[in-house]
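Asks: Pasting a structure here, questions to come.
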Amino acid sequence: MEGDVGIGLVCQNTMDGKASNGNGLEKTVPSCCLKAMACVPEDDAKCHSTVVSGWFSEPHPRSGKKGGKAVYFNNPMWPGEAHSLKVEKVLFKDKSDFQEVLVFESATYGKVLVLDGIVQLTEKDECAYQEMIAHLPLCSISSPKNVLVVGGGDGGVLREISRHSSVEVIDICEIDKMVIDVSKKFFPELAVGFDDPRVQLHIGDAAEFLRKSPEGKYDAIIVDSSDPVGPALALVEKPFFETLARALKPGGVLCNMAESMWLHTHLIEDMISICRQTFKSVHYAWSSVPTYPSGVIGFVLCSTEGPAVDFKNPINPIEKLDGAMTHKRELKFYNSDMHRAAFALPTFLRREVASLLAS
């Protein structure tokens, strides 16, 4: 650990704010908990990796002290709460041009990847996210051939796509090479996805990459992006979804990470509403991931004009794909029953989004 302060307080250095691009707080904040970000300076609105007395927690230190004690602010994505993990050892900490990257060994969830103070994955429960975000769309269409991953620098989504033998090309556009390098070193079970010869890696901005892509190139696009804070807000706005739709074939599918139903109902509504203006059909599914805020994460699934897509009933079931169940490693979370169950929404969320999801 670094930087002992006072009574066993150990804090990592704060970021320099490069990822904000100077524009993060000037964008319109969606009508959800992100409003909390607007009341603190830009550098402080970013989350920083903090280890206090051997525990990692998502609140982060603001510069300076108050009354002799470090001042902590809630993460703007989920004000008023944070998940903590006991840290056995910090394995890596550095700043890329875009974000702070932290890897530590936890007491209960194995190794943990943290970006700008937000847990991205743990060895124990990554399967509940990686498997669902990949197979929900790919098992909903017949024989996908060209697939694009936006983000996904840890390689987990690539690992899951590689189970599908029909896929011929897997493009991945990741802006931060450090995430890829760190994953290859500390998370080889995920980064094995990069070893697939079908993978074509592109380092750069996804929006720019999509603008240069031929129209109708992809059967499926999977957006494994960071939370919509600062520059990433553009990834939940209409122009980006229009760019995604343009890159899909008729009947092509999109699966986009879509936050927590317990914390971001308004943001989910905003995303579904925007997608309804752009795509033929829109659905919402979810998965249980213990180390994500509130323990759940959602996905918006969309299809373009063309052959109808029945997302709720997999027509390309993973169980019938040759070797898919054990390719690279055995599936731990996803199966066809979990696929169908993922679209069952609790009553409170169904009330909120029913009119938006209606055909």
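Easy rule for this one: first residue shown is 1, then count along the chain.
Cβ atoms are placed via backbone N, Cα and C, with glycine included.
Sharing the features that Swiss-Prot gives for it:
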type     : residues                              : note
ACT_SITE : ASP224                                : active site, proton acceptor
BINDING  : GLN99, GLN130, GLU174, ASP205, ALA206 : S-adenosyl 3-(methylsulfanyl)propylamine binding site
BINDING  : TYR129, ASP154                        : spermidine binding site
BINDING  : TYR292                                : putrescine binding site
DOMAIN   : 53-304                                : domain 'PABS'
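Give me the local environment of each listed feature.
Replies: The number of other Cβ atoms within 10 Å of the Cβ belonging to ASP224 (active site, proton acceptor), over all protein chains shown, comes to 23.
A simple way to gauge crowding: the CB of GLU174 (S-adenosyl 3-(methylsulfanyl)propylamine binding site) has 22 other CB atoms within 10 angstroms, across all the protein chains here.
The number of other CB atoms found within 10 A of the CB of ASP154 (spermidine binding site), across every protein chain shown, is 27.
Neighbour list (TYR292 (putrescine binding site), Cβ cut-off 8 Å, at least 6 residues apart, same chain): VAL119, TYR129, SER260.
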Asks: Provide, as an integer number of angstrom, the distance between the C-alpha atoms of ASP224 (active site, proton acceptor) and ALA206 (S-adenosyl 3-(methylsulfanyl)propylamine binding site).
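Replies: That comes out at 11 Å between the alpha carbons.
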Asks: Which number gives the other C-beta atoms within 10 angstroms of the C-beta of ALA206 (S-adenosyl 3-(methylsulfanyl)propylamine binding site), all protein chains shown included?
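Replies: So the Cβ neighbour count for ALA206 (S-adenosyl 3-(methylsulfanyl)propylamine binding site) comes to 24.
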Asks: GLN99 (S-adenosyl 3-(methylsulfanyl)propylamine binding site) has how many other Cβ neighbours within 10 Å of its own Cβ?
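Replies: Its Cβ has 23 other Cβ atoms within 10 Å.
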Asks: Quick check on the binding-site residues TYR129, GLN130, ASP205: which one has the highest count of other Cβ atoms within 10 Å of its Cβ?
Replies: GLN130
Asks: Look up ASP224 (active site, proton acceptor) in the DSSP assignment and reduce it to helix, strand or coil.
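Replies: SS state of ASP224 (active site, proton acceptor) = strand.
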Asks: Could you give the maximum C-alpha to C-alpha distance in Å for the residues GLN99, GLN130, GLU174, ASP205, ALA206 that bind S-adenosyl 3-(methylsulfanyl)propylamine per the record?
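Replies: Comparing all Cα pairs, the maximum is 22 Å.
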Asks: Could you state the CA-to-CA distance between ASP154 (spermidine binding site) and GLU174 (S-adenosyl 3-(methylsulfanyl)propylamine binding site) to the nearest Å?
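Replies: Rounded to the nearest whole number, the Cα-Cα distance is 10 Å.
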